Amino acid sequence: MPLRPLLGSKVVVPCYFQDNTVNDPGAPTIAPLSHRIKWTYVTKEKVSTILVASEGKVQVETEYLDRVTMVNYPLVPTDATMEMTELRSKDSGTYRCEVMHGIEDNYDSVDIQVQGVVFHYRPITGRYTLTFLEAQQACQNIGAVIASPPQLQAAFEKGLHQCDAGWLRDQTVRYPIVSPRDNCAGNLPHLPGVRSYGLRPATERYDVFCYVERLRGEVFFTSDYDSFSYEEAVQHCQKLNTTLAAPGQLYAAWNQGLDKCRPGWLMDRSVRYPITTPRSHCGGGQVGVHIIYAFPNQTGFPDEHSRYDAYCFKGRNGLWLVELTCGNKNWNDVPCNYHLPFTCKTGPGQF
């Protein structure tokens, strides 16, 4: 089974070996640190060295400096376990632990699948309309959670570029800039990076960066001869024993490879489409989940009577039990009332 750590977190990759060296009587004693340990990252194209350890010394390749350490070596010479921090999406893959001594060479491999995707979210109410508490709730309402600073940093290193400031879990406000330009560079006009406003009062208003770990079910595209209004899309998914997908679910599906050049309704009344294979006529040749806004300044959602296709979500066990909150109230429905995203219903409480 592969290891499945979360984006921006850390993972401990175990590797232990037994020293089977047996000394002949009278032969020189073999040093306990005489084995050579090598960690590599293996792809179809090449094998890249991460670190090499020998005689109690560890040499880490430049790309992995400050992110990779050996947990117990050299205190435990037969423990080659490696820890990797600040995990990025591109860290997913196969890792090989190789132990060499003389002509003996043994190795084992472990697969790592880094889970999760970070995305910028702006509600139907417009740009910079969310307090800190409202930002947390907004992410929960779309099937996600508010992102952490390490998760946003990892997303930036994958290529996330967003010239809009958003709340993060630690109550800081930040935004990732890959290509600095006028009015979108912060205090570092010529350098890419994550810009930060620092810790902000919870009553200030910004957008938010959300995080979704993985898809717990299936998102699929659906259409009809004349497409759907929003309410028709809700009803169509219900006829299929599903619900309209939440934005967090669509981002998770995109992160797993969903590609469709057809905009469709989602449960928050937004219209989006996922692109994993860039082409000029689909999102301007850019990968990502693209959004259809109501206005040129990238605010607002399309009118609910507009005609679009839809993205439905089917849970693994056939149930779509979702808890949304509004103030101090909760509601639980199967399927949940995604078609009433701004109406509170009193429910039986937490579950």
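Glycine is treated like the rest: Cβ placed from N, Cα and C.
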Recorded disulfide partner - Cys282, candidates Cys261, Cys312, source TrEMBL:
Cys261
Candidates are Cys163, Cys210. Which one does TrEMBL pair with Cys184 through a disulfide bond?
Cys163
Mind looking up the mean pLDDT for the domain 'Ig-like' (8-113) in the predicted model?
87
Looking only at C-alpha atoms, tell me how far Cys261 (disulfide bond) is from Cys184 (disulfide bond), rounded to the nearest Å.
28
Taking the Cβ of Cys261 (disulfide bond) as centre, how many other Cβ atoms lie within 10 Å?
13
Tally of helix, strand and coil residues over the domain 'Ig-like' (8-113) according to DSSP?
6 helix, 48 strand, 52 coil
State the count of C-beta atoms found within 10 angstroms of the C-beta of Cys282 (disulfide bond), not counting that atom itself.
18
